[in-house]
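Participant: Below you'll find the structure I mean.
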Amino acid sequence: MKNQSSFSIVALLLIFFSSSVFAQLQTNFYRKSCPNVETIVRNAVRQKFQQTFVTAPATLRLFFHDCFVRGCDASILLASPSEKDHPDDKSLAGDGFDTVAKAKQALDRDPNCRNKVSCADILALATRDVVVLTGGPNYPVELGRRDGRLSTVASVQHSLPQPSFKLDQLNTMFARHGLSQTDMIALSGAHTIGFAHCGKFSKRIYNFSPKRPIDPTLNIRYALQLRQMCPIRVDLRIAINMDPTSPNTFDNAYFKNLQKGMGLFTSDQVLFSDERSRSTVNSFASSEATFRQAFISAITKLGRVGVKTGNAGEIRRDCSRVN
């Protein structure tokens with residue numbers, strides 16, 4: 001009985017702590033200190049996006065990687081030695097980092113905003129903006145995060161989903177951050193504007209098993225197309241669009257592709273091949289509105305993961321260095 005009481009107290013404390021942290025995140029957090037923060041960031045992101053489309057997938061992926069390691073505290077942005085030196089982060093495109101840097105520079109040019117907005121919040125805003133720029137849903141971004149002071153290679157180990165993951169592995173990892181299976185599937189939908197390097201999926205098209213060189217869950221025509229784009233013994237760093245039908249548009253085509261066996265990673269295709277998640281894929285494939293609403297909910301929850309607020313952390317003067 002005593003143990004049960006202790007557990008209940010701990011559980012209540014965790015709920016109270018989580019609620020108090022989330023309560024400190026507000027969409028109008030900078031209304032007095034930097035009232036034009038969203039406009040300034042949006043304009044900087046748009047300018048960067050006009051230079052290269054890679055801005056969009058790079059920024060989205062950067063946000064996800066940041067939040068899944070130590071929480072959404074911009075620790076991924078810190079200079080080496082840091083998280084970005086881990087093999088799972090070395091493929092992060094430089095355009096994502098540059099997007100945040102450009103937005104930070106734009107804010108610092110405004111005397112009212114200089115060193116007032118955290119790099120973590122800049123990344124969260126930039127992520128929303130690239131989603132909108134590619135045709136995705138607009139949504140309010142909760143703000144008030146503080147920047148972390150620690151970033152290590154070791155912290156990335158076993159913290160990010162792998163291309164070979166099956167459903168249970170995906171669910172377990174996302175559940176650690178308070179994200180449901182539906183959240184996980186909705187966030188996977190961001191792959192509609194993503195790209196991947198040949199080395200991340202070559203096993204599926206060349207040596208899946210001794211008897212089956214091609215993964216049987218993979219559409220055979222799609223597999224042969226991938227072989228043409230990723231010839232054997234050629235540079236494994238060649239980048240391939242994860243959505244072969246509308247790679248530059250944030251839509252629900254990703255889920256329609258899964259129905260056809262055209263998920264690039266095992267972790268993509270398993271969302272349809274596993275009957276436990278198939279109905280959600282079918283729902284998102286049949287209704288873009290349903291997907292968009294689920295994505296808004298999921299990315300809002302993602303943006304709350306492990307946030308530092310109040311007096312925790314700092315507001316970095318340089319996003320790549322602690323103060």
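Backbone N, Cα and C define each Cβ position, glycine as well.
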Participant: Can you find which of T192, T290, T300 Swiss-Prot lists as binding Ca(2+) 2 at the same site as D243, S246, D251?
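Facilitator: According to Swiss-Prot, the candidate sharing the Ca(2+) 2 site with D243, S246, D251 is T192.
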Participant: Of the residues C119, C198, C230, which one does Swiss-Prot pair with C319 through a disulfide?
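Facilitator: When Swiss-Prot is consulted, C319 turns out to be bridged to C119.
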Participant: Just confirming the record: what cysteine out of C72, C113, C198 does Swiss-Prot connect to C34 via a disulfide?
Facilitator: C113
Participant: Distance check, please: Cα of C119 (disulfide bond) against Cα of D243 (Ca(2+) 2 binding site), rounded to an integer number of angstrom.
Facilitator: 30
Participant: Out of V69, C72, H191, T192, C198, which of these recorded positions is nearest C34 (disulfide bond) by C-alpha distance?
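Facilitator: Answer for the nearest of the recorded positions: C72.
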Participant: I'd like to know which of these binding-site residues, D66, D243, D251, is least surrounded, judged by other CB atoms within 10 A.
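Facilitator: Looking at the binding-site residues D66, D243, D251, the Cβ with the fewest others within 10 Å is that of D251.
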Participant: Measuring CB to CB from R61 (site 'Transition state stabilizer'), give everything in the same chain under 8 Å that is also at least six residues away in sequence.
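Facilitator: Sequence-distant Cβ neighbours: L92, A93, G96, G194.
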Participant: Please list residues from the chain of C72 (disulfide bond) whose Cβ is under 8 angstroms from its Cβ, counting only those at least six apart in sequence.
Facilitator: F63, D66, A120, L123, A124, R145, L302, G303, R304, V305, G306, V307
